[in-house]
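To keep things clear, I will list the structure first and then write my remarks on it.
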Amino acid sequence: MAEAEGESLESWLNKATNPSNRQEDWEYIIGFCDQINKELEGPQIAVRLLAHKIQSPQEWEAVQALTVLEACMKNCGRRLHNEVGKFRFLNELIKVVSPKYLGDRVSEKVKAKVIELLFSWTLALPEEAKIKDAYHMLKRQGIVQSDPPIPMDRTLIPSPPPRPKNPVFDDEEKSKLLAKLLRSKNPDDLQEANQLIKSMVKEDEARIQKVTKRLHTLEEVNNNVKLLHEMLLHYSQEFSSEADKELMKELFDRCENKRRTLFKLASETEDNDNSLGDILQASDNLSRVINSYKTIIEGQIINGEVTTSTVPDSEGNSHCGNQGALIDLAELDTPSSSSPVLAPAPAPPTSGIPILPPPPQTSGPPRSRSSSQAEAPSGPDSTNNALSLLDEELLCLGLSDPAPTAPKESAGNSPWHLFQNEPSSDLDFFSPRLVSAASCPSEGSLLPPPVSTSSLSQAPLPAAFPAPVVPASAVTHSTGSFTFSSGPAPALVPKAEPEGPEYPSSSISHRLDALDQLLEEAKVTSGLVKPVSCFSPGPTASPLLPASTPARPLLPFSTGPGSPLFQSPAFQSQGSPQKGPELSLASVHVPLESIKPSSALPVTAYDKNGFRILFHFAKECPPGRPDVLVVVVSMLNTAPLPVKSIVLQAAVPKSMKVKLQPPSGTELSPFSPIQPPAAITQVMLLANPMKEKVRLRYKLTFALGEQLSTELGEVDQFPPVEQWGNL
């Protein structure tokens, strides 16, 4: 066999399909399959090479190419299945059997083999719908008269799904202990093993009961939400009967009661549990339909326009139709370069409770996220703030983390320039944070009328139950224009010094974390938090108080025995772990041209529909920061459609920090077979001073052609922490 070193896919295929071969050479066929699995773009290159060989005028070469294709489908996995399942490759196969193209010049043996492969794939790969469409089209055109027989030895058997793991019986420590006890000849050990088995069975029964209860709760919530949503769609104040109104009130009460149940379920669910997404989606739908009921039936304007309506719900959400609190992930939503940068004004001395921004508000009726962009006018304040209620749930549960952006080296009016010198890299991960803006039409506002700013853009998640559109007459519009930002959080109480503005110290951040937890407790117990004033934090430090405004509390709390203000300081301190200066990445910036690649293999973070994201690891750490891993994020497009509006956000646990530097672009051109794939690069910095195992979550938003997509994922295949700086 030829040496594998230096062999390319083309050389492997040329040897495997050589017309001079007397028989199929499986040595080279398997070598070709292995090379596909090794190469980053192996499947994309392989299908192009195979399509050319299959259309060869030499029958023996074409038959060998089809044998290679069949072997690849069995050995190269889903990546190759996705490429073969695209019309680009299927059209090449159809040309072989269609009399309009090559059908009259291709032998019957080759055509029969192609039809046989297509039919076997329709049975073995039902998820590849395009293969089935192509085969049925051939049948409709009469090219395929009947389904060919498929020998058992040539049937494509997909890889079986992984065996579902039982967390109780797959516990490594218990399994080792049980095996040790069972091997023992001591009767006491056998008795202990018997007790251990019984306890494991009980744990498994409790787990099954918990899962059953969760499924029942989710089903009940979804049924109530669906029924209430449909009744609200057909509600008319003049023509709806009292019975309908009573039924809607009963459904509304049920939905309110289920909020806390869902919040409890989410808090009890592990981060890596697949059911967490279903719980959050159900909570998202529940919050949306509750807000719709309050708006349509009770006439409330949600989130800030009527002060009695701005109390956050029991889950800590502040919903607002097509606007909401951004998920506290990588802060990559860039403000318009025309946004003014306001200098902090002198503020009165701070009190024991730091000032927190109230929930955001909307200047129009609540609407579903799926329709907000289509219905809203093109102005920046109405289209760019279509944010996700699911993001709010992630934010409140502490499952999402911020990753601040780095300043660009070039100055000017670039949107990234506004992120320079921000203190947000010291903010806490996984702690509930209200990164939002709001306004109040009342005279007690702490800010003068805000200057008109350009809002930030965030791709919305589709709404499962879009909220009904409320007539404009039922809405009292706000007078201000506000900006939401997933960018750096502003200084809450800036101090006045001769040298210039100064951002709050870490102790204030700790008190913020403690108050965040108090707010969460207050929302769950009795909904005591009622903002009486509103202000708008922007992406840069903005004045929160005019110089002449006296200090006064923003958040009145009830003083009953259950009030969170009576909780012990020890409880309050649990809001956030102590953060040291070594976590900060604000001053760390790594130019792309200075990065040296390492020998570590890249990790595929996302690969779907021809859009792929890879993590490449740098050889060295930034100077003076051996705890920081430098990752180059490569985004590739092999799809025939352009990919636009690409935004990548990242999150890590509290003991780490992550920062995404500005990407080289936000659009990828369509794939062309005569040109290399379009690519975007973005540098990501990951600080891990505690040397813990890295678990990074990401949120990816993009538009493939005209279709908007939002993807969530997790990556944990990082190099060992001990090898950072010497990869």
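In case you wondered, yes, glycine gets a Cβ from its N, Cα and C as well.
Taken from Swiss-Prot as is:
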COMPBIAS  343-363  compositional bias 'Pro residues'
COMPBIAS  364-374  compositional bias 'Low complexity'
DOMAIN    16-146  domain 'VHS'
DOMAIN    171-298  domain 'GAT'
DOMAIN    598-719  domain 'GAE'
MOD_RES   S159  phosphoserine
MOD_RES   S275  phosphoserine
REGION    299-597  region 'Unstructured hinge'
REGION    334-385  region 'Disordered'
REGION    400-419  region 'Disordered'
MOTIF     391-395  motif 'DXXLL'
Intrachain C-beta neighbours of S275 (phosphoserine), sequence separation six or more, cut-off 8 angstroms: V211, R214, T269
Averaged pLDDT score, the region 'Unstructured hinge' (299-597): 44
Helix-strand-coil residue split for the domain 'GAT' (171-298), DSSP-based: 108 helix, 0 strand, 20 coil
